[in-house]
Amino acid sequence: MNALTVKRRLPVLLFLFHISLSSISSNTILENDFHSSFVQRRLKGHERREIQKEILTILGLQHRPRPYLPEKKKSAPLFMMDLYNAVNIEEMHAEDVSYSNKPISLNEAFSLATDQENGFLAHADTVMSFANLVDNDNELHKNSYRQKFKFDLTDIPLGDELTAAEFRIYKDYVQNNETYQVTIYQVLKKQADKDPYLFQVDSRTIWGTEKGWLTFDITATGNHWVMNPHYNLGLQLSVESMDMQNVNPRLVGLVGKNGPQDKQPFMVAFFKTSDIHLRSVRSTSNKHWNQERAKTYKEQDNLPPANITDGIMPPGKRRFLKQACKKHELFVSFRDLGWQDWIIAPEGYAAYYCDGECAFPLNSFMNATNHAIVQTLVHFINPETVPKPCCAPTQLNGISVLYFDDSANVILKKYKNMVVQACGCH
């Protein structure tokens, strides 16, 4: 989304959004700035639908997710909240601390993401967690020496490349200090009344007194499932003592289906969106909006630059709002859109917008390009021939959104160019 598109879309959305125009704090007025508040009104039905449709398009979603019985206190959502907080720390260094950057409180018993996972996160655009779908936990049977797990990867976004995948299972403390070998297998083929064909994926050594989350690398298996969904027959776990004897996973402290909600086993996968797919999505979105509003833009080009608050403030106050191009407050609330049931965080974010005059002479703080300076000068000499430059974003930052999909899986996605960091004349 280029700067001109952002400039044009914000005024349209501004009158529809449930927003507040205010100064950074109620007791602070910025130099040469005049902010006004107005009585907020409830969105009409068609306004809400238009806003929801547009934001869903920006978020890359074809429809509003309707998760079945989403639960934020389970292990997978808690882990994803921890990753979300890690991303927010980086975003807070890139922009002013705002409402959208509030960290999410976590269950104290839940371990933090490892350095390796933070490394995966730094190179990923999307992170998805998957809950275990196996209902009958084999560990409930006294003589069972294996656990089975199944994960549904059918909702992977088109065009996303899986860069890393992990299987995580919690181990409680047990009162012995024996050493065990935990092995994860990919189920290749099931057989009636026989053991399935298995392929060893990863293994690690544990001690009885060890406590915490065990992580296994299943990247190759995850890629195989994404490319060949019909081969997704799940994982199988087994435990052996050092003398090669099978051991019930429950006896070494491994938590299964009947364990606490915040210690349930799950899978997490990291994805990178290909540049080709990203350009295709942007092209389709921009084409739709250009067709819908080409006529409106043409009419607007023939009008003098209008302040974003025209129609909101009375004429007597509007004359004070004629100011130089700069950044203004704009807050988008997901809660006001009725999305609090599927968006975990943030509840909203400060998007900001650019507005103001790009009139001759352009001051240094207007972040004007050389082209804009020349265009302003020509407009000053001959206003009928060349229009004024536009006030538009010169720097945009991203945000991260944590949400449930239709299957109640938790997704953490990074979205670029969502927050105006600086404005200038272009």
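Just so it is clear, glycine is given a Cβ too, placed from its N, Cα and C backbone atoms.
Source: prediction; values computed, not measured.
Swiss-Prot lists C325-C391 (among others) with the feature disulfide bond, giving similarity to another entry as the kind of evidence. When Cβ atoms from all protein chains are considered, those within 10 Å of C391 (disulfide bond) total 28, not counting its own.
According to its DSSP assignment, C354 (disulfide bond) is in a strand. Here Swiss-Prot flags C354-C423 (among others) as disulfide bond, drawing on similarity to another entry.
In the three-state DSSP scheme, C425 (disulfide bond) is classed as strand. Summarising the annotation, Swiss-Prot assigns disulfide bond to C358-C425 (among others) and lists similarity to another entry as the type of evidence.
All protein chains shown were included, and the count of other CB atoms within 10 Å of the CB of N177 (N-linked glycosylation site) stands at 9. Feature annotation from Swiss-Prot assigns N-linked glycosylation site to N177 (among others).
For N307 (among others), the entry in Swiss-Prot reads N-linked glycosylation site, with the evidence type sequence analysis.
Annotation source Swiss-Prot lists N-linked glycosylation site at N367 (among others), citing sequence analysis. With a 10 A radius on its CB, N367 (N-linked glycosylation site) counts 20 other CB atoms from all the protein chains. Under the three-state DSSP scheme, N367 (N-linked glycosylation site) falls in the coil class.
What Swiss-Prot lists as signal peptide is 1-22.
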C-alpha spacing of C425 (disulfide bond) relative to N367 (N-linked glycosylation site), in angstrom: 6
Euclidean distance between Cα atoms of C423 (disulfide bond) and C325 (disulfide bond), Å: 7
Protein Cβ atoms within 10 Å of C358 (disulfide bond), excluding its own: 24
Between N177 (N-linked glycosylation site) and C358 (disulfide bond), the C-alpha gap once rounded to whole angstrom: 73
